[in-house]
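Positions annotated as zinc finger by Swiss-Prot, on the basis of similarity to another entry: 8-28. Sequence annotations record features per position, and here Swiss-Prot assigns domain 'Peptidase C31' to 69-180 based on sequence analysis. Per Swiss-Prot, region 'PCP1-alpha' is recorded for 69-182. Among the features that Swiss-Prot reports, active site, for Nsp1-alpha papain-like cysteine proteinase activity is placed at Cys76, His146, with the record citing similarity to another entry. Annotation source Swiss-Prot lists domain 'Peptidase C32' at 269-385, citing sequence analysis. Here Swiss-Prot flags 269-384 as region 'PCP1-beta'. The active site, for Nsp1-beta papain-like cysteine proteinase activity annotation in Swiss-Prot covers Cys276, His345. Under the heading region 'Disordered', Swiss-Prot lists 752-797, 1050-1088. Swiss-Prot lists 775-790 with the feature compositional bias 'Polar residues'.
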Amino acid sequence: MSGTFSRCMCTPAARVFWNAGQVFCTRCLSARSLLSPELQDTDLGAVGLFYKPRDKLHWKVPIGIPQVECTPSGCCWLSAVFPLARMTSGNHNFLQRLVKVADVLYRDGCLAPRHLRELQVYERGCNWYPITGPVPGMGLFANSMHVSDQPFPGATHVLTNSPLPQQACRQPFCPFEEAHSSVYRWKKFVVFTDSSLNGRSRMMWTPESDDSAALEVLPPELERQVEILIRSFPAHHPVDLADWELTESPENGFSFNTSHSCGHLVQNPDVFDGKCWLSCFLGQSVEVRCHEEHLADAFGYQTKWGVHGKYLQRRLQVRGIRAVVDPDGPIHVEALSCPQSWIRHLTLDDDVTPGFVRLTSLRIVPNTEPTTSRIFRFGAHKWYGAAGKRARAKRAAKSEKDSAPTPKVALPVPTCGITTYSPPTDGSCGWHVLAAIMNRMINGDFTSPLTQYNRPEDDWASDYDLVQAIQCLRLPATVVRNRACPNAKYLIKLNGVHWEVEVRSGMAPRSLSRECVVGVCSEGCVAPPYPADGLPKRALEALASAYRLPSDCVSSGIADFLANPPPQEFWTLDKMLTSPSPERSGFSSLYKLLLEVVPQKCGATEGAFIYAVERMLKDCPSSKQAMALLAKIKVPSSKAPSVSLDECFPTDVLADFEPASQERPQSSGAAVVLCSPDAKEFEEAAPEEVQESGHKAVHSALLAEGPNNEQVQVVAGEQLKLGGCGLAVGNAHEGALVSAGLINLVGGNLSPSDPMKENMLNSREDEPLDLSQPAPASTTTLVREQTPDNPGSDAGALPVTVREFVPTGPILCHVEHCGTESGDSSSPLDLSDAQTLDQPLNLSLAAWPVRATASDPGWVHGRREPVFVKPRNAFSDGDSALQFGELSESSSVIEFDRTKDAPVVDAPVDLTTSNEALSVVDPFEFAELKRPRFSAQALIDRGGPLADVHAKIKNRVYEQCLQACEPGSRATPATREWLDKMWDRVDMKTWRCTSQFQAGRILASLKFLPDMIQDTPPPVPRKNRASDNAGLKQLVAQWDRKLSVTPPPKPVGPVLDQIVPPPTDIQQEDVTPSDGPPHAPDFPSRVSTGGSWKGLMLSGTRLAGSISQRLMTWVFLKFSPTSQLLCSHFSRRGALWLQVIGCLQVSFYLLSCSVVLTRYSDAFPYWVSFLVLCGVFVWVFLVLGWLLLYFYSRLHPTQSVLLVTTIRRSVMLSFWLLSSANFGNLCAALWSAPQASYVSFLASYSVGHVISGMFSYVYACLQIWPFLLFMWCPRGVVTSVGESV
């Protein structure tokens, strides 16, 4: 480009512009030479070398001299003068346009969007395009801070009048706010800097390119700021560092950069939480906001930059709302540093957040609300959630000249080899993967030390569960999605439905951010080295103790274990398998061998064997002793016919299936006294031998008052055994003592007729209460009130009424025990660190460390066991409303259910209470376990519209569990405790519910219950009663038995011994337990009188009826084809008459046939013989149909049961019609016998029989024809048709 002369001859006041690195004059288009030094203006930087304005300009260029020639540092807008003039002018007005463009840009000393609008560049055919390739023709290249007439490193858009193939940006789009920057190169980055009029500078960086070598080198005084900029902010974001509070070290700071998890921004959870997008749901309920937050976190949409714009748009649509643009809206949309930023922020503050720019305001409206406002689109490439709330004041910038070096982050080492580990396919493969990672980091063995634990399909570990656990354990592992994080040493992959893990053997581990763990990090992410103490202590043991929980609870169990680990002095099974020790390898190998062999040969489950080993290693002080104990387990011989699990273990350690210990001797006595603290003299009642050898415990007992439910929790010594012990309750206000024997707590064992026990109780009545003894252990006595369905009651039923009145102080409880020491290992509760009632109870898994093993979900660490308080109205087989039955030592909860509207006994129990007791509770007081708010059991306890639904589900769980127990063991305490713990395991699946409607959906099918029962078998499993006669015969026999047995008459009073009816498919003899102690007192006729004449008469009547019914059924099935279905449609007496009539008419017909066939003569016409033979044929045909049906039902008992039953009913109905018609013929013949001869009598009977037989023959043919057709069909057709029917 050159004008008339080779060099410009114009005045120095003529404006200049840059083009292709050369300075030209706007008047003559000739190259401008350097001005003389006296004319140069140092305030204008590079422009002042070629241009001397007539008037002083109000803007300055901060970059001084010297600098590289032909680079308009700080004045990049000079390169935009020529392309703007050329693209917006013609051939004849180009010079005038060039002067006009120069005048506009020189006025402000920069290029801004307002200048483009003033020059009407868009109206003259120019558009902004994103740069996707080479740009032909004239164009103006730009990014957020810089413009140039030539492509440059970091350019993102181009302004041109050429019709490029890509989609043009929407107007009014402009990639920059002000373009007047300087460009430098530093390492592998290109840095842009500028200064505004107020002296505050902005900086931006972009990756380098091939043209970066021609740029100036970054000045040394800016290197520190550039390090902070690149580490803390993403590319193409012009940032003023004075708006941000910075830290010296980047390890603990925050970073917006996609390649760095940490930066120099001060980490503030209230500012950088990435959750500001939740402000769009402020109009919704708290449950909705919590659900949206959990959903974004669970599915990986939540990142440190927020959530994707399209995701937020979709969630608003799902909730029936949308965002509209409203200048007065409460929600303000901001962008990080520039409007083109992909990092957005939603705020409710009116002031602009420092470091952000305000874009617009919006409000949330329902989708159905008509509005004239423009709908706000959140954008497909925008992320909302940059900050949590606005900073109140602008943060002071740190010193820019601080020369403290930034710690360098090492790049990942290239991998040398990859090793893959595939864990066992037991449903817990995800947790085996994490265990293998930690086992390799600790012990160098890339295998899982965890034992196999079969999980149902709906409880497999998801990627969200694994991510949560990885973060809790701080593992250098990532979940591989589309790509693997380059900094992760361990890669967890999903192979179909199986989790596997790969290790990069030649790579050093690194600390990964959440984005890297989830697997959504960027290509060039950088992670700091993994610290030496990165893996928490006992991390592997924490996983081993929690991996048997439901998968969504494992991470919480790990966190609770690490927060409050149990004592480490004992070597448990998990510690032996996970902790480093000389015996670990041998113990693990021997244990896996025994686990594979012993349960199989003993016919036991693996869960039972694991639980037995855990019991054997309980309180083991050293690893050597644990190894020695494990070596004592005997492998049963293959020649032995049957070996129990107990025989394989040492004699001093039995493989007891019951979680509660049975070895401790029973307590010989106990006494409970409730009294007031202001009483001068405490009353006490206890057996004398208790005072001699027992230990004492004194605690406070509180009464939580309510309209229908008052609970008294008495914290006492060891487990309370009521059988054979004395229990007394005293009232200090009235000075009266009521013996619990008057209430018959143990079904007759402690009755008023026992004078010795009453004397023992009354003998200690006047002694004071000793408050000096400590409380070594505890049990819980729960007193509750319950209103029966029927207010009437038998005279023998013993009701209990508890009267209420408000006392003046708290109530003290004195409990005494004897027989064992306080340090017994079977003590149910350790209250050495108990909490007061006015403080929140610590319900973490560390304070209540339940470990859901395969055989015992309630087994705990540290010799502590949880108290499972069974809710009301949920009783198992043998339970009663008045649970005063004898309890074994396995019970840690004693329930007294009080009955309303019942007659008061002679000495009612008065329990005093006070609200003031809550503030002065004894520190040893024990509080009942609190379940999550929306768990199934909590919903049952809280009541409400869904309580009945969950109660029915609980009853179904109890019924299915009872079916797996031996009938005679269903009322034992061990079975009841197993039922409660099974329900607790089922209830655990609803602990993560966030709504009251989720628990019912999770537990509706109960598909997981059979596998759970198989993993955790009952104490006495149900035996296999299958025999050779199994099949349809057994099914039909059960059905006939249920139809034939008359239901017992309903009693007048309430039935107390059977709250939940037994399942309908259980045989009658299985309903009543045949062994074991009764769980509750039965009716007076069974308990008190026993052999009275009423009971004998009732049992005799039932026995006679059963014998007669079975006899008549057998006779009828042998000699008459009348359907048993009639027994269910007619009364028993009517069905009996029909059977007798059928037998009689068959006998008469056989008699007539014998007379005709044996005494044949000419007196009998041939047509009579023919009719008789036809009748015989009809009977034979129907009998053959019956036999075919019988044999087919035996050959195919399971394929077409419904089809066989339908045809059977039809054939039986045909026989019934034939029998009825023949009986009518017989009656008519007998009625006409005096007037007719012997021959005519037989002939008339035969004729009638043939007529009725032909009718039944046609009916039977129509019914048997489908049966004969299906007899010759293939099995598949029979099965499909049977299922369709």
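If you go along the chain as it appears here, the first residue is 1 and each next one adds 1.
Cβ coordinates come from backbone N, Cα and C, glycine included.
Taking His146 (active site, for Nsp1-alpha papain-like cysteine proteinase activity) as the reference point, the active-site residues whose C-alpha atoms are within 10 Å of its C-alpha, out of Cys76, Cys276, His345, are Cys76.
The DSSP secondary structure for His146 (active site, for Nsp1-alpha papain-like cysteine proteinase activity) is coil. For the region 'PCP1-alpha' (69-182), the number of residues in each DSSP class (helix H, G, I; strand E, B; coil) is 33 helix, 16 strand, 65 coil. According to its DSSP assignment, Cys276 (active site, for Nsp1-beta papain-like cysteine proteinase activity) is helical. Counting only the Cα atoms, the space from Cys76 (active site, for Nsp1-alpha papain-like cysteine proteinase activity) to His345 (active site, for Nsp1-beta papain-like cysteine proteinase activity) is about 31 angstrom. Distance between Cα atoms for Cys276 (active site, for Nsp1-beta papain-like cysteine proteinase activity) and His345 (active site, for Nsp1-beta papain-like cysteine proteinase activity): 7 Å, as a whole number. Each residue in the domain 'Peptidase C31' (69-180) has a pLDDT score, and their mean in this model is 87.
Over all protein chains present, the Cβ of Cys76 (active site, for Nsp1-alpha papain-like cysteine proteinase activity) has 26 other Cβ atoms lying within 10 Å. Counting residues of the region 'PCP1-beta' (269-384) by DSSP class, helix then strand then coil, yields 29 helix, 34 strand, 53 coil.
Secondary structure counts, DSSP: the zinc finger (8-28) has 0 helix, 8 strand, 13 coil.
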